Amino acid sequence: MLPTTSVNSRSQGNGALSPRDAARHTAGAKRYKYLRRLFHFQQMDFEFALWQMLYLFTSPQRVYRNFHYRKQTKDQWARDDPAFLVLLSIWLCVSTVGFGFVLDMGFFETIKLLLWVVFIDCVGVGLLIATLMWFISNKYLVKQQNRDYDVEWGYAFDVHLNAFYPLLVILHFIQLFFINYVIMSDSVIGYFVGNTLWLIAIGYYIYVTFLGYSALPFLKNTAILLYPFALLIVLYLISLACGWNFTKMLCSFYKYRVK
């Protein structure tokens, strides 16, 4: 059973929050607290963030059980500690530098690639996906449209970051060891290895996203979030049949963008 703690502000007899405590639970207040902690590294729990990164690969369900605990103790689903985001940013920088080295990019080209990966691939796409999932889940997946419960936008963005981290490691780290000598070749084994890594990475993204929303007890029919698996498998089989090399196409795209 998940541990619970009583919230002092609910001790008014009818369970309502006092005006002062209600102000602390607004989205703006939570966002301000989160952003303020970005500049106080001593307040961040990096050890716990590393634990989450490890279990996102081995047992992502355990990560989302912790989100339940946060809801019970801090009355919010989204993270209030930016340590995970900071470590993810470091991973982005290191892996992108490695990617630039493998693709034989110069210093300024690597910096351009880093800016693209951080602000477009991670943040830009993340904001778009989080907003879309936040809207869809609140509009169509909330049980009986109960307005006492809703999906926090911050939680939707956390789910994206959780799902993006394994994808990042697979495509920007593990794949680096195969690019020059295997994947970039014109052989069948080249696009088979490359496309299979893409299949695993995107499949993991879909699965971790599904776990994130299915962990919310007030949502229904979250199994539909697994439906993109079917399209993913179809695209994977078509790519093998046609000899499309997704990694080769991506590398060519990045080289074009950083010129």
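FYI, residue positions are counted from 1 along the chain as it appears here.
Even glycines carry a Cβ here, placed using N, Cα and C.
Feature annotation from TrEMBL assigns compositional bias 'Polar residues' to 1-15.
According to TrEMBL, the feature region 'Disordered' maps to 1-24.
Positions annotated as transmembrane segment by TrEMBL: 83-102 (among others).
Residues annotated as transmembrane segment in TrEMBL: 114-136 (among others).
The transmembrane segment annotation in TrEMBL covers 163-184 (among others). Long-range contacts of the transmembrane segment (163-184) within the same chain: residues 53, 56-57, 88, 91-92, 95-96, 98-99, 102-103, 117, 122, 126, 190-191, 193-194, 197-198, 200-202, 204-206, 208-209, 212, 245, 247-248, 251, each at least 6 residues beyond the stretch ends and with a Cβ under 8 Å from a Cβ of the stretch.
TrEMBL lists 196-219 (among others) with the feature transmembrane segment.
Annotation source TrEMBL lists transmembrane segment at 225-247 (among others). Panel annotation: around the transmembrane segment (225-247), residues 175, 179, 183-184, 188, 190-192, 194-199, 202-203, 206-207, 209-210, 213-214 of the same chain, lying at least six beyond its termini, place a Cβ under 8 Å from a Cβ of the stretch.
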